[in-house]
């Protein structure tokens, strides 16, 4: 089923020597050794032995500049939540003032986490984000531990986290789009599912056809979100100018005295900022990643902080605490009060903007599959790209199939809840990998270096976000989620540790490679 734990060589035999000679003008020879070691991060498949995939290799093109990077991060962070139901923080803080403070502090924590990702991303400039950082970062301390953790992450991410999230966002799009075009009686659940699946298929085709097209489509989605947010923010500022500030006066009245509730408010806020590390997934496709990776993160997260705070202020110019908490779709309630009849089109605009998250998830999740296959965690064919279009077609197809399957159940929100804490487990391990690299790669060139105390703070934040939901709302679901992850260890033992390779899997790899005209994707380390 799975490939051997093999190494993929760089684009050409001198690629790393060339790149390190440039960097060597700025760093010591030890840095050159660190750069050279990155050329051996992933094992190369012995194609001459298994005869499954061809010797010819191509790399993904570096199509993403600074603006594209910012757009992708903003698109991944700003989803339907800020428009539909941004009330988790208010429910726990019980005051407008502390709610706005928590939104700002959560953004600051997200920025620190993103900078930790940026640091390790410039040390290990490969696509795959958490997968690579656990394999190579933690693996630099103990190889087997890093390998096991990377496999478990790949297992959870490929088959559960990414496709289920794509499905729930697609269903959210479908529900709100149909509510904007149909009468108040509601839409049949079958129609909601069909439209969600149709949206997934269309976006999957765009991502399969062209990286540039997916990038441009993402920019369109970001512009659409920006327009909606600007309308809400400007509307709020106008209302403040007119004196609608009664809900903002005495903002800290009624503030909770329960520190655990404040901690849960942070959990809700940080969930809304999720996606700040998404650009690390496509490091090999970023132009000048040493500069554009960290700069995209800083600009995008800072813009998001400003947007989230101003948007919430605008909501409070229309709704009281109780009204906001009782609203099913906060932005729609705001629109009815401020825009009048024009607000009828707001659900449609919000639903279409949600597709930006779906587009981004399809883009990133396919790269996770590709990197996982490079390490031997998935069949060889998923490490391939389409020859002419240079897109990771097998990974896109796999994620599309699973996402469609997750659309079939009537309710998958509970499934997302079961695995929400798992993502913070791997985020915390990435922070730990950053610490490991400080000791195992002390002389590696770091474009950005986060102070060690701040990294330790982020480790504690991640630890809390893993433990808090289990303590505050214990249920059998968390045990089920843990057991499913443990099942992945069985596959690791059979197909990675024991290197079992069923004959039918080799035949399937060969068939798919010929059918889709695929070629092996080499590691793009040129910066």
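In case you wondered, yes, glycine gets a Cβ from its N, Cα and C as well.
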Open item on the list: Quick test of your reading of TrEMBL: among 272-291, 452-471, where does it put transmembrane segment?
Closed with: 452-471
Task: 241-266, 293-318, 319-344 - the one TrEMBL records as transmembrane segment - done: 293-318
Open item on the list: If you look at how TrEMBL annotates this chain, which of 131-152, 219-240 comes out as transmembrane segment?
Closed with: 219-240
Task: Long-range environment of the transmembrane segment (96-120) - Cβ separation under 8 angstroms, sequence gap at least 6 - done: 89-90, 129, 133, 137, 247-248, 251-252, 255-256, 262, 265-266, 269-270, 272-273, 276-277, 280, 293-294, 297-298, 301-302, 304-305, 308-309, 312-313, 316, 321, 427, 430-431, 433-434, 437, 446-450, 454-455, 457-458, 461
TODO: With a Cβ cut-off under 8 Å, give me the same-chain residues at least six positions beyond the ends of the transmembrane segment (159-179) that come close to it.
DONE: 79-80, 84, 186-187, 191-193, 195-197, 199-200, 329, 347-348, 350-352, 354-355, 357-358, 361-362, 364-365, 368, 399, 402-407, 412-413, 415-416, 419, 422-423, 484
Open item on the list: Give the nonlocal contacts of the transmembrane segment (390-409) in its own chain as ranges (CB under 8 Å, at least six residues past its ends).
Closed with: 58-61, 158-159, 162-164, 166-168, 170-171, 193, 196-197, 200-201, 204, 207-211, 362, 365-370, 373, 381-382, 384, 415, 512, 516, 518, 521
